[in-house]
């Protein structure tokens, strides 16, 4: 059976666990006498082999406030691990990523609160998530979560960060708790039609997102608020096709694809000079993608697709047009002859005539008709960056090939 094959690949071995424990021993020594806990998928037993990020939360009394976490707590943590390979990262507040033996450990300062619904920062709920999941999943349930995570990774809908807008690890755990197993999740997801409500607890507010899973530890929060409609639809379609024809391709899609260039494709390569929060950068990139598409359409280009990919330092924006060539002049459609606005139209336009339909027309010159210039002008990054741009002729870049192909390998 496909699932059993996949599980053999993704389920950690005893050796894997020992390797993680050795890393944790180093962290425990450094954080000695602090109030800390191991959280996340490792603690819950739902982690995937060779895909391990350990979450360690250092708790401080809630009375010290959020500002204390950003300054005092962070400095205290850095002083304890400063001789290790570490970097600063940013979410709601800064935290530290330590790399030990190729294992990333996120050390996150948080406030110790009485319950999940009393959270002051988003991470304060985490220990309550851990308790909820570990009390509702047995060993088989943990394996079912692993299968669901790998399936979502394979089809590209895993990860709640803004760059992906997909399902978080916690969301996958709740789906298994609610439906019972991997196959049952797929059976139900294949029938989804938004808005979808999955209630392990009664919500404490009205949610407007397409997929609603009220957080069992804080019912005022929707666990899947970040999941885009695109990713919900992708997951539903993938579930339907997997149930019809199970294949390992859903879990581990083919990396090498080939596709010819259709239309005209502009590639923009951005290299960021400054480090910034991933969510901040990708918020600006997503706004840039939308702005580029809107501007090109406004100037008369027929846009096939605009997408972006990369990390926080190197980003590619690909713009696919039916054609990059567009006329310098265009037909401007005016009002009907009886409209009160005809005088204004006549005053503002040249080359005016009355059409067979009784409507006024004119010829107008486009303010801009170079697609590359328009695209560059509509990048809204607030950090400094260098840009390289070119029109695609051919490529061996697999990300660009994926963009050109469109169809996921699991679909066809």
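Note: Cβ is positioned from N, Cα and C throughout, glycine not excepted.
The Mg(2+) site recorded in Swiss-Prot comprises 53, 55 together with one of 16, 106, 117, namely 106. Summary for the binding-site residues 53, 55, 106: the Cβ-based neighbour count within 10 Å is maximal at 55. A distance of 8 Å separates the Cα atom of residue 53 (Mg(2+) binding site) from that of residue 41 (CTP binding site). Looking at the residues that bind ATP per the record, 41, 44, 129, 149, 158, the two CA atoms farthest apart are separated by 18 Å. If you check the binding-site residues 41, 44, 129 against residue 55 (Mg(2+) binding site), the ones with a Cα inside 10 Å of its Cα are 41.
Counting every protein chain shown, the number of other Cβ atoms lying within 10 Å of the Cβ of residue 129 (CTP binding site) is 24. Of the recorded residues, residue 158 (CTP binding site) and residue 106 (Mg(2+) binding site) place their C-alpha atoms 19 Å from one another.
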